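Student: Please see the structure below; I have some questions.
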Amino acid sequence: MTLIWGGLSLGAIYAIVAIGYNIVFISSKTFNFAHAQLTMVGAFVAYTGLVKWHLPTVLVLVIASAVVAIIAAIEERIAIRPVGDMHNILVTTLGASILLDGAAQLTWGSQPLTVPFFAGDSAITLFGGRAYPVELFLIAIAVLLVVGLGIYSRRSLTGLALLGMAEDREAALLRGVNVRRLAFMAFVAAGALAGFVGLFVGSKTFAVSTLGAALALKGFVVLAIGGFGSMPGTLVGGTLVGLAEAYASRYLGGEYANLAVFLILITILMVRPAGLFVRTKERVV
Amino acid sequence: MKTRLFKVVGGLAALAMVAAGCASEDASGSDSEYHVLVLGGISAEGVLADNASTSVLSAKAGVDLVNKNGGIDGKKVTIKVVDDQADPTTAVTKLREAIAKEKPDLVLNSGPSTVADATLPILKQNNILSFNIGPTATSADPKAFPLNFDLSASAQNQLDAFPPYFAEKGYKKVGILHGSSSYGEVYGAAAEKTFTAAGVDVVANEEYDVAALDMTAQLEAIRSKSPDALVLDAYGAPLGYVLKGVEKLGWDIPIIGNTSVAATGLISTPPPSGVLGTPSVKNLVMQVYKSTAHDDAATDVNDLVTRMKAIDPIKATLIVAYNNDALALVQAAAEKAKSTDPKKLAEALIDSSVLEGATTAIIDTYRFTADSHAANPSADEFAFIAPGPLKDGQFQ
């Protein structure tokens, strides 16, 4: 059971990163390759707030969300908005991720930093397995985010407008949706989310300048497994990737962990090229 | 006609003078000085910069000591530091520039193996004596580079110190956990071979991806084989994940970390930033050079620390302060050879009386031979210590 808790919590981290990718993808059909780095910055801000400034956790969560939301807004203005072509945006957001990696290393150094967790840093026994409280929180956050965003997208006007944009951007524009503004707000919201979860992610992984790079690829794999734009898909993808990594490392050896993950990815993409939860649509050409 | 002849002769004379000037610039420095050039990635990022800064600082401290003791073969030692950004291309360009301007007598290469790989052929071409911290496949081979000497210990040197420690502690079965980096893989394979040859039962040898975020699965696999101790190769965040994993499993096992473990700031920093003094490290010991663990009785090392601190703060552990030893070795070799000729110095550096007599601090006795210019320190040069706070490059 310890292995399962470990795999699920790792999968939850990947799923949370993939949710951030999805928010941007749904609103603007683009990928923000720097999203994992935004989560990393969130972890560093949480470290600074908790360890250096001795602030209460709630305030740190607010500050981290605000700081990373501002960074995301700047990124949108510099790396997304001036670039028209979607393919070029892949390059500019990749550039932004490299910049954030470098800036984090210059600001906080390259050694791992402990992010204390408010619910304690001692492992507990649950259903026969051992887990840290933060691991259970991560699993809960991933599930709550998917459920919450699912409800929000269907019950709120903004959520419906976002779904409309994802379906047909031009039609949404004709129906009076401020597409540009909404895409910008979605980008900033994804940044705020990355800042918020930074404390939880950093408590499990440490705040370290290599964190963004470690999360980016697996987050993308989770997205591809679940299907681009599908929120429930991120949960299923995260669970599959996290458990595959844990079980492959335990019974085959650490060198087979990535191999197992990519084997699952290839198999799923061969059977369902658009991912598990997205149907392939015909389009008029 | 006469005017034209004068012009031609005058021009040739001017050319000859320019050429003579160039020639004098190409030659080694004046006879009264011994020129040392230090290559280091001072403007590199993070840990690399701190390491380079400490290497350069140790070279400066070494120069101070050597000059205080009469210089090298009576010559005053001068030092020039070149920032190669830990980049081979930059290192090659700057080394060539430095040689063209004023050929150094000695080059101390403080950078990674990639820089050594790029610069050693140039040093060989120019017959310059050199010492190197980042070893390459051929850097310690006298047939390939007769004037180069490696200062750092190899993974095998470090591993040779483990079996006596196992015997002392009564560990008969060990598990190994190592990273997926090229060093980690070599270390894992060499560790298993060395321990098995020493009669220790290696019950598990597991690898982790250096980009992974959780090592609990590998630890569970090793725990299932019930080893007496866990030998660990880890640096940076992976070390933190391993310690968290061990604590999560509630596994009460002695952990013996290699020098990479000792180089990770997390274990020498108290909470809340680090884990020093927490239950995570209660079973951890790590391998260090004896010179890296503070000892009031170690006069040579304490003297080095004092000299370094007098110049600048020490930012990294003394494990990268080999350059001090390089200067002490050259001074001892010059006394034996009664010359600063690089070939004569290289011959003297394989003389055991020179190596034993040199006032080195980081490694007590270097063991260069005619067949190998590797430092090859003995197992006695290492110690296994519990994590402690790092002060002035030493664990307290």
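Any Cβ shown, glycine's included, is placed from N, Cα and C.
Caution: TrEMBL annotation is automatic and unverified by curators.
Keep in mind the model is a prediction, meaning the values are calculated, not measured.
In case it's useful when we look at the structure, here is the feature table from TrEMBL:
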type	residues	note
TRANSMEM	A:6-24	transmembrane segment
TRANSMEM	A:31-47	transmembrane segment
TRANSMEM	A:53-74	transmembrane segment
TRANSMEM	A:86-108	transmembrane segment
TRANSMEM	A:131-152	transmembrane segment
TRANSMEM	A:182-201	transmembrane segment
TRANSMEM	A:221-244	transmembrane segment
TRANSMEM	A:256-278	transmembrane segment
Student: Determine which recorded stretch among A:31-47, A:86-108, A:131-152, A:182-201, A:221-244 has the most C-beta pairs below 8 angstroms with the transmembrane segment (A:53-74).
Tutor: A:182-201
Student: Please identify the stretch among A:6-24, A:31-47, A:131-152, A:182-201, A:221-244 with the greatest number of Cβ pairs below 8 Å relative to the transmembrane segment (A:86-108).
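Tutor: The stretch with the most contacts is A:31-47.
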Student: Can you tell me which parts of the same chain pack against the transmembrane segment (A:256-278), counting only residues 6+ beyond its ends and a CB-CB cutoff under 8 A?
Tutor: 218, 221, 223-230, 232-233, 236-237, 240-241, 244-245, 247-249
Student: Tell me whether the transmembrane segment (A:182-201) sits in contact with the transmembrane segment (A:221-244), defined here as at least 3 Cβ pairs under 8 Å among residues 6 or more apart in sequence.
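Tutor: By the criterion, they do not touch.
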